[in-house]
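Before any comments, here is the structure.
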Ligand SMILES: Nc1ncnc2c1ncn2[C@@H]1O[C@H](COP(=O)(O)OP(=O)(O)OP(=O)(O)O)[C@@H](O)[C@H]1O
């Protein structure tokens, strides 16, 4: 398979598949994707400049691309159904025009300020939403859109009231007027589109894209690797708000007349259609989506059919027939066409890391120096309404210890882990790491202090490769910041390269090298459990809390997990192991705590504890 095919496939994929081998970290070499958009824009400009109608269409399509890319960023990548995007688009349009007319500002300065306003306002929408789930966040954005529309409709000076604003000044560039609808304005739009396309490519290929996709797939995963879901959300709102604002600015100066009524829900429906049809979360989704809408529009004109009908049927057919929209369909086609010729994945090893089982790697690894650390839970209490799930529980773990936490279903084991990692509110007691309190900390901050965890059912990002799943954790560990990542600065490239090497090294330790570039969605349960542990190791934790790592595994996989747990202890990591499998607990743990109805009823070495009658009684029928 040629590298070009590899690259094309990579950019059609929902996020990117990181290239193998020597490519530059950060934004790998990908010339077709760098020069492709400018070439398309130049070709479209040259082809349409002689025909007013086609030139108009090309400019409109270019602006629609910017708006669709903005929605694709927040919805397709980030999974946030931001219904305020159209009013943000309108706000960009009105703000720039108002600044130019009211303050005699230049188009360029007004554009910059309009983008700042739309980005800031978008961030403002997201600010109070950090604890909302997807549905409530969507409702909040809708409420915001309605409120803003109401405010704007009453601000006649800003929006021109029912008449709207006409006599919009044309941008001027070194004395040349760039008048909407004429070729010069197309070239202005083309430059803006080229910049947005490049920005999207960089987001797509950097840690920013990984963060956004992780947000879409599960905010808990992000927090569990030390990345703040709330700040990722704000980033998504800010970036997409600025892009929607840019689309609005271009739209206003292209149309030369704007009225508030234009930014209505029909436009939102068309935007949704373009995003979903094109392929939400795909780099080229907005391009395909806008082209598809144009074709539909042309069809509706040519056939004199009602536009709504065409839209309706188009949506049904394409959404049902093509999962992932047009970009998804093309990706599957390319995969099918090239699948047979695919060479087997090479075993990947980082320097000095042979692809050996983790226990061998751990045996060879020198244990980290420094004094032992201690995680201590004292008289901890968690209640859900009237149910006391954790009732005055005290446990202590030191680095290098493997401590089992067992008990019948509903005993409070997972809740205790959730309380330690800041996932549930604690009603009483103390929780300390090396004497410092962890109480009240957000999950990502607990993780950053050295307490990692896995979940009862493995939480990975199915759309990402195993390598990328590990790299998300690396992004939290001294990442370069989104501006540097998007700018592809030398520092961000170095960090990306180091993160990648570290992730490859860990995958090699877990004998997962050959799967490094495979999507997590295609991997068996046992592999995902190992990936979760490896992802934690990216952060050099002092403690790992494992929630039923043996559940759903074969006997062989369970032995692998037991070996992995022992190797964690050899690495001087403290392990809290929740599991129902007594063989696993006995073989892996130095000490166990038995919970029943939220209380610790026994504590000690496994063999001793299992011999007690109270433990047997609590467990009767609950153990394997
Ligand atoms: N978010 C929640 N809201 C209300 N009650 C909850 C919540 N989470 C847990 N509980 C309750 O708290 C108690 C302890 O549940 P928990 O899941 O911690 O038990 P567990 O020991 O982990 O059980 P299992 O072995 O089945 O995973 C149960 O009664 C459960 O119904």
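Going from the start of the chain as shown, residues are counted 1 onward.
Even glycines carry a Cβ here, placed using N, Cα and C.
Because TrEMBL annotations are produced automatically, they should be read as predictions rather than curated entries.
TrEMBL assigns the feature transmembrane segment to one of the listed ranges (33-56, 105-128, 201-224), namely 105-128. In TrEMBL, the annotation transmembrane segment applies to 308-330, one of the ranges 308-330, 331-353. Here TrEMBL gives transmembrane segment for one range in the set 60-79, 80-99: that range is 80-99. In the predicted model, residues of the domain 'ABC transporter' (375-622) average a pLDDT of 88.
Contact between the transmembrane segment (268-296) and the transmembrane segment (135-153) does not hold: fewer than three of their C-beta pairs are under 8 Å, each pair 6 or more apart in sequence. Remote same-chain partners of the transmembrane segment (173-197), defined as residues 6 or more beyond its termini with a Cβ less than 8 Å from a stretch Cβ, comprise 37-38, 41-42, 44-45, 48-49, 52, 55-56, 58-59, 62-63, 65-66, 69, 243, 246, 250, 253-256.
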